[in-house]
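Swiss-Prot lists 14-166 with the feature domain 'Flavodoxin-like'. Residues or ranges marked as FMN binding site in Swiss-Prot: 20-25, 75-78, 113-122. The domain 'FAD-binding FR-type' annotation in Swiss-Prot covers 235-485 and rests on sequence analysis. Positions annotated as FAD binding site by Swiss-Prot, on the basis of sequence analysis: Arg389, Arg419, Gln420, Phe421, Ser422, Gly458, Val459, Cys460, Thr461, Trp654. The NADP(+) binding site feature in Swiss-Prot is assigned to Thr500, Ser568, Arg569, Lys574, Ile575, Tyr576, Val577, Gln578; the stated evidence is sequence analysis.
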Amino acid sequence: MSESPAQEARTRTALVLYGSETGNAQEVAEELGALAERLHFVTHVAEMNSVKATLLTILPQEMLRSFTFTIFVVSTTGQGEIPANARSFWRSLLLKKLPPTFLSGVNYVSFGLGDSSYPKFNWAARKLHKRLLQLGANEIYPRGEANAQHPEGLEGTFIPWITDFRSHLLDKYPLPEGLHPIPDDEQLPPKWVLRLQEPATTGDELTEGTLSSEQTVSDEYPGLTRLDHDVRPIPDALTATLVENRRVTPRTHWQDVRQISLTVPDAVTYAPGDMICITPKNFDEDVQALIDMMGWGEMADKLVSLAPGEKLQAAGELHAPPIPGLEKYPKLTLRALLMDYIDIRAIPRRSFFSAIAHYTSNEMHKERLLEFTNPEYLDEFWDYTSRPRRSILEVLHEFHSVKIPWQHVTTVFPVFRGRQFSIASGGELKRTSGGGAKFELLIAIVKYQTVIKRIREGVCTRYLSVLRPGSTLKVQLQRGGLSSSVNQLVGPTVLIGPGTGVAPLRSMLWEKAAFVKAYREEHPDANPPIGPTILLYGGRNRAADFFFEEEWQELSDLIGLQVFTAFSRDQRHKIYVQDIIRRNFGLFFRLLHDMNGSVYICGSSGRMPQAVREALIEAFEHGGQADGPQLARRGAEEYLIGMEKSGRYKQETW
């Protein structure tokens, strides 16, 4: 007896594994998972570390080989590194005992997310791709690479790639006769749904810890949704207190830059180059606007919980909830969820338009929403979303017929991803008088106007800009890409940091100063064994954005810091940090070539790091003494590449 099309389709399976630092790779993985579902593959989407090393090394056939194919989606972090939620999986692939046939029979495709302003563009995806091939896996479709520097962002390369990939899957794995792809205008079952919390069970007393589903918590616990009081159970987070939020640029300056100081009571340790990750919150007026538009008023302040949808209830542990730790949130209401977790001011992806098209009965609105999901209308999609930076809240206001069920909030809307900020404090600035840890940040408040003449604000910096001293917020301490050894830190160093890019470099300088002070205390009659230190700082105007100017003289006395500045608007001809390098070829050749020094570059991605790289290559080419070593162009490029490989050339840009 032959199988029915539905029975035959159940043998089609797909696994989508992602490694994501900021959430972009996870969003791409979810979109690829939805694509596979629409082609009738039973699909699982999970972070790479969820495939435990024991499963991978002991039961490979039951895991990776059991799927028709596996899609690996990975972003590159730091200096070509694998994201934290994929590292244990990656390390398990590097075991020396694995034979070259270990992954034979595993069909895979990979997609990487990177930034071409970094020397190691998409390094993580390329490393993973190469290792999978070494272990015998079979690539079923050419890997894709997204570039954050694309004019349309990551989707500029992802959308054409996924469109062609869909056609390839239909050719390679044709659907059983009588079965057709699930069309975009047909809704997929939600993976996770919100539900009213169960009323208190009989015999239980109603205390502060248990409220029935008919009660609201807005009056009883007003602090839960306060912007300046953070109760979110974010995994691996510290509860920090904001002690300073000071504007360091003049009121007349075009940019609002803040020096923000946070403290925690414990003596947490961190190193120069490390980062603080802050998850933003929404403003009450924005949340109320969404509640009003959707008609969620009656539900807004009732207790809710997140539960797996019908398809996930028996799917096993691979499917992690979209918001880790949410079950520990005290008194979770729909309003609290929207305030603390849902990114309603994000620029929508194509998948958002596909999702909300199912929640309107207005045929004109539905047709237009689905047009935005069609690859043939990519330019219109970008003209409507990324180019004017139009937010989800604005889209829903314009497509006012869309009414999303509150139960589907986490399926339709993106969740907040933490924003990373380089720590600016180091050495003696890292500790409070009470022995706790202190984190100082230098943050530019994002606020600008787009082609549709509306003011745009960064979601996280808008949140930070209004926090007052005494506010609490949950922060995650993360390793950064500028980490260095002690020898590198105290050796010859060139630090290049225009604008707020100077933040992690300040941390390095104060760390070097702490080393010098400690050495002098132990060896009062000896000079500290430190190399020359040069800071290249760039800004618009010396009077407006020369951050930490008063500290550089103190550091000059302590560690011999030499500061070069490039203020682009203080004279008729613009000057940038790369111009300083070109004026001092001999100096940079001596420090970085003759003395084997290290260079650290931090600031905006795009033209600056590329221009600095080119200027350094020119310094290696032309900066040598007439009677000393000379490098041709090829040799200069190879020398800089060698610096990268040995960790003497590091870049952190955004």
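The count begins at 1 with the first shown residue.
Including glycine, each Cβ sits where the backbone N, Cα and C put it.
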Rounded Cα distance in angstrom between Ile575 (NADP(+) binding site) and Gln420 (FAD binding site) is 29
Across all protein chains shown, the binding-site residues Gly23, Gly78 give the max Cβ-within-10 Å count at Gly78
Taking every residue in the domain 'Flavodoxin-like' (14-166), the average pLDDT works out to 87
Three-class DSSP assignment, Gln578 (NADP(+) binding site), comes back as helix
The binding-site residues listed are Ser20, Ser422, Val459; by CA-CA distance, the one closest to Arg569 (NADP(+) binding site) is Ser422
Cα-Cα, Val459 (FAD binding site) versus Gly23 (FMN binding site), nearest Å, comes out at 15
Expressed in angstrom and rounded to a whole number, the NADP(+) site built from Thr500, Ser568, Arg569, Lys574, Ile575, Tyr576, Val577, Gln578 spans a maximum Cα-Cα distance of 19
All chains considered, the count of other Cβ atoms within 10 Å of the Cβ of Tyr118 (FMN binding site) is 23
Taking every pair from Arg389, Arg419, Gln420, Phe421, Ser422, Gly458, Val459, Cys460, Thr461, Trp654, which the record gives as binding FAD, the longest CA to CA distance in angstrom is 25
By Cα geometry, the one of the binding-site residues (Ser75, Gly78, Ser568, Val577, Gln578) nearest Ser422 (FAD binding site) is Gly78
In three-state DSSP terms, Tyr118 (FMN binding site) is classed as coil
One should report the C-alpha separation between Val577 (NADP(+) binding site) and Tyr118 (FMN binding site), rounded to whole angstrom, as 18
Ordered by sequence, the long-range same-chain Cβ contacts of Phe121 (FMN binding site) under 8 Å (at least 6 apart) are Thr76, Gly114, Asp115, Glu145, Asn147
Quick note, Gly23 (FMN binding site) and Thr500 (NADP(+) binding site): C-alpha atoms separated, nearest Å, by 23
Closest by Cα to Ser75 (FMN binding site), out of the binding-site residues Arg389, Gln420, Ser568, Lys574, Tyr576, is Gln420
Nearest to Ser20 (FMN binding site) by C-alpha distance, among the binding-site residues Arg389, Gln420, Thr500, Ser568, is Gln420
Comparing the Cα of Lys574 (NADP(+) binding site) with the Cα atoms of the binding-site residues Gly78, Tyr118, Thr461, the shortest distance belongs to Tyr118
